[in-house]
Amino acid sequence: MAPLPPRGLVPSLLWCLSLFLSLPGPVWLQPSPPPHPSPRAEPHPCHTCRALVDNFNKGLERTIRDNFGGGNTAWEEEKLSKYKDSETRLVEVLEGVCSRSDFECHRLLELSEELVENWWFHRQQEAPDLFQWLCSDSLKLCCPSGTFGPSCLPCPGGTERPCGGYGQCEGEGTRGGSGHCDCQAGYGGEACGQCGLGYFEAERNSSHLVCSACFGPCARCTGPEESHCLQCKKGWALHHLKCVDIDECGTEQATCGADQFCVNTEGSYECRDCAKACLGCMGAGPGRCKKCSRGYQQVGSKCLDVDECETVVCPGENEKCENTEGGYRCVCAEGYRQEDGICVKEQVPESAGFFAEMTEDEMVVLQQMFFGVIICALATLAAKGDLVFTAIFIGAVAAMTGYWLSERSDRVLEGFIKGR
């Protein structure tokens with residue numbers, strides 16, 4: 001059993017501090033573990049190769065800027081001609097191509113380092129675009145702009161304007177992807193060259209297409225007005241060149257459960273739960289029930305709760321009935337409590353005496369003070385020679401002492417003995 005803290009503010013604080021410091025070091029000094037990082041998707045190899053080439057080109061600019069720029073022009077030109085295509089410059093550039101934590105870049109650089117050296121010393125003149133030569137032609141990780149897939153096929157809409165300029169060709173520039181066009185809002189078709197559902201052609205020429213939104217519920221239209229509708233969206237019907245809402249609740253389209261009712265909404269419908277009082281319903285509330293649930297009864301046009309407590313439904317001794325919505329429950333009557341399935345009378349705790357909350361030490365101090373006062377009073381009365389008042393006082397003290405000892409006899413006697 002854990003030790004109880006001492007009484008008093010200062011002793012309690014010292015006790016808590018000693019308990020805290022008694023804990024083993026790893027328990028209260030060890031920091032909480034860091035959260036597990038979420039898994040990171042690996043980039044496409046083409047994207048890694050493009051980043052490598054971009055950093056390579058930045059390195060070329062950096063090495064020229066750091067080594068030359070300002071001074072003797074003739075001397076710089078002579079030195080630059082030697083440094084420009086030197087192995088020293090290549091090493092300096094390659095050292096800064098990949099960041100320390102970019103493992104994909106380091107792996108790709110290790111695989112392609114000989115190709116980069118070959119391009120640096122022998123192929124720069126015939127293939128000045130390192131990205132095209134390395135990533136597309138040599139490693140075959142990428143495709144030219146506007147193409148996709150293992151064979152670098154043209155994206156829908158052509159390589160000049162993939163997806164008509166109104167969408168994104170999936171896998172463009174890589175050896176992967178499907179080439180499917182993900183069109184912008186309002187555009188559709190295989191190459192995003194048409195207006196999508198709910199839009200109409202506001203402007204079109206050989207290189208330009210503007211799609212604007214139709215009136216709310218229109219699926220196809222010739223203009224922005226309500227009367228321009230040609231076809232309506234699902235949940236609407238064309239009536240006199242206008243789209244009107246279909247009330248699905250009056251058709252077989254609505255499929256609600258047995259204890260639900262249908263509510264029509266714009267272009268659709270909702271199924272909502274019947275009231276608790278209903279066993280099937282035609283709408284909200286206890287007045288729209290088809291039948292009443294158990295615990296309810298028909299009163300006029302509504303299903304209302306039955307008060308089961310009007311009849312004797314709680315046979316147990318000292319039980320009483322409490323009505324609930326659609327039912328009832330049996331609980332113990334006031335002054336009783338549940339115990340092992342039956343209601344038993346609650347025991348009222350006896351009121352504590354005057355000395356009930358006092359500790360042993362406090363009793364000893366009080367006892368010593370009490371008897372000290374008695375001895376002092378007796379000595380004073382005896383010194384005055386007043387035998388009558390002395391006798392009365394001794395009798396009163398004896399009566400009080402007898403009552404006190406009857407309440408706390410064991411503890412007082414023990415304290416008295418210890419006090420002596």
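Backbone N, Cα and C define each Cβ position, glycine as well.
It should be emphasised that the depicted structure is a prediction, and the values quoted were computed from it without experimental measurement.
Features of the protein shown, as given by Swiss-Prot:
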| type | residues | note |
| --- | --- | --- |
| MOTIF | 46-49 | motif 'CXXC' |
| DISULFID | Cys46-Cys49 | disulfide bond |
| DOMAIN | 153-193 | domain 'EGF-like 1' |
| DISULFID | Cys155-Cys169 | disulfide bond |
| DISULFID | Cys163-Cys181 | disulfide bond |
| DISULFID | Cys183-Cys192 | disulfide bond |
| CARBOHYD | Asn205 | N-linked glycosylation site |
| REPEAT | 208-255 | repeat 'FU 1' |
| REPEAT | 268-315 | repeat 'FU 2' |
| MOTIF | 278-281 | motif 'CXXC' |
| DISULFID | Cys278-Cys281 | disulfide bond |
| DISULFID | Cys309-Cys321 | disulfide bond |
| DISULFID | Cys314-Cys330 | disulfide bond |
| DISULFID | Cys332-Cys343 | disulfide bond |
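Features per Swiss-Prot, on structure.
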residue : record         : Cβ neighbours (10 Å)
Cys46   : disulfide bond : 21
Cys49   : disulfide bond : 26
Cys183  : disulfide bond : 21
Cys192  : disulfide bond : 27
Cys278  : disulfide bond : 25
Cys309  : disulfide bond : 16
Cys314  : disulfide bond : 18
Cys330  : disulfide bond : 15
Cys332  : disulfide bond : 20
Cys343  : disulfide bond : 19
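Close to Cys163 (disulfide bond) in the fold, though at least 6 residues off in sequence, lie Cys155, Pro156, Gly157, Cys169, Cys181, Asp182, Cys183, Ala191, Cys192, each with a CB less than 8 Å from its CB. Nearest by CA distance to Asn205 (N-linked glycosylation site), out of the disulfide-bonded residues Cys49, Cys278, Cys281, Cys332, Cys343, is Cys49.
Listed in sequence order, the residues of the same chain lying 6 or more apart from Cys321 (disulfide bond) and placing their CB within less than 8 Å of its CB are Glu308, Cys309, Val313, Cys314, Tyr328, Arg329, Cys330.
Comparing Cα positions, Cys49 (disulfide bond) lies closest to Cys281 out of the disulfide-bonded residues Cys281, Cys332, Cys343. DSSP assigns Cys155 (disulfide bond) to coil in the three-state reduction, placing it in neither a helix nor a strand. Most Cβ neighbours within 10 Å among the disulfide-bonded residues Cys155, Cys169, Cys281: this distinction goes to Cys155.
Counting every protein chain shown, 25 other Cβ atoms lie within 10 Å of the Cβ of Cys181 (disulfide bond). Of all the disulfide-bonded residues listed here (Cys46, Cys278, Cys281), Cys278 has the Cα closest to the Cα of Cys343 (disulfide bond).
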